[in-house]
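Engineer: Sharing the features that TrEMBL gives for it:
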- B:31-50: DNA-binding region (DNA_BIND)
- B:8-68: domain 'HTH tetR-type' (DOMAIN)
Protein chains: 2
Amino acid sequence: MPKRVDHEDRRARIADATWRLIAERGIEATTMRAIAESIGMANGALKHYFPDKNSIVRTAFSYVFDATNERVRERLRGETGMDALWIFCEEIMPVADLTDLEARVVLPFWQRALADADLRRLYTDSMALWRGQIIGFLAEARDEGAIGTAMSDELVAEQLLAMLNGLQALALLDEASATREVQQRTVAAYLESLR
Amino acid sequence: MPKRVDHEDRRARIADATWRLIAERGIEATTMRAIAESIGMANGALKHYFPDKNSIVRTAFSYVFDATNERVRERLRGETGMDALWIFCEEIMPVADLTDLEARVVLPFWQRALADADLRRLYTDSMALWRGQIIGFLAEARDEGAIGTAMSDELVAEQLLAMLNGLQALALLDEASATREVQQRTVAAYLESLR
């Protein structure tokens, strides 16, 4: 089925070009035309894959979310509990050039999700997945005797999820205060406090 | 100087109308025309007060930020330490109709601040003010013997600030999980863990 493969391949190429454009130039400058140009595709052909801007933003966010999760998976190999949780956090906090770029997609995604139920559903599903992962790592950490906090794992997961979301905004918009080092110390100290 | 008073009064009326429009209808629908109509002002007259959309978003965010701080100040009367810190958090978390509406201005503000240095400066100043307040409350709480955490007040402030920022997105976009009750339990448990 070469045609099908082609289609999926092209969608992936568009998604990759799109999230980078949004991250580097901003959502306003990322027009259908700019995307088409960046991959040398006709504007009309692009519309065949993505009918409108929200479908593109949705795909770009999905792409970034999947890429984050894939990196976590790759780095996890054998790690469990608190070590695994730290890897997870490191791949979400904007503490590297890549995660900083990713956060530049997250902020416009949030704004658009306010008025788009499809985007909200994608966000809700994404957060549910992360909650589950965090709770899984915490359960391993309890088994390993690595944490002893009296707080429930569910509450810890909510706190950490809120922190990781908040750092997307703080790191990009208040970068002199929420430096990469401050972000890392902030989250590391929180995880340490669970021991 | 009745003219000066008039001008300030009118700006305040526009700002009040604007943040509510953004919160209720979204940033896209909040055009200069919609704002002018909502307060029965000619479009041209409005431009005399605000030249473009970013100047309006800036004013709306300032208005919301000032309103939040004013509510905190009013509720504080005599409260100090952890009680004061809880009041502060309660007025920022989207756990009431008003704070939920306010968060609907914060998300588009963040997105626009990515590409606007003036908006970023406003955010940076706002966060600096909040950091200072949180650290002040924590210092009082230490004096009162209400907290004994080994973490520095600066790190606690960063964690709490990140959490409060993150809840703006979670509460609006993942409302089935980050319900008002969950938000309150999440932050209350965190403050409790500092004792």
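Sequential numbering from 1, following the chain as shown.
Cβ coordinates are placed from backbone N, Cα and C, and glycine is handled just like the others.
Can you tell me where each of these features sits in the structure?
Structural biologist: Taking DSSP states H, G and I as helix and E and B as strand, the DNA-binding region (B:31-50) has 14 helix, 0 strand, 6 coil.
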Engineer: Against which stretches of its own chain does the DNA-binding region (B:31-50) lie, if we need a Cβ under 8 Å and a gap of at least six residues from its ends?
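Structural biologist: Non-local partners: 10-11, 13-14, 17-18, 21, 25, 56, 59.
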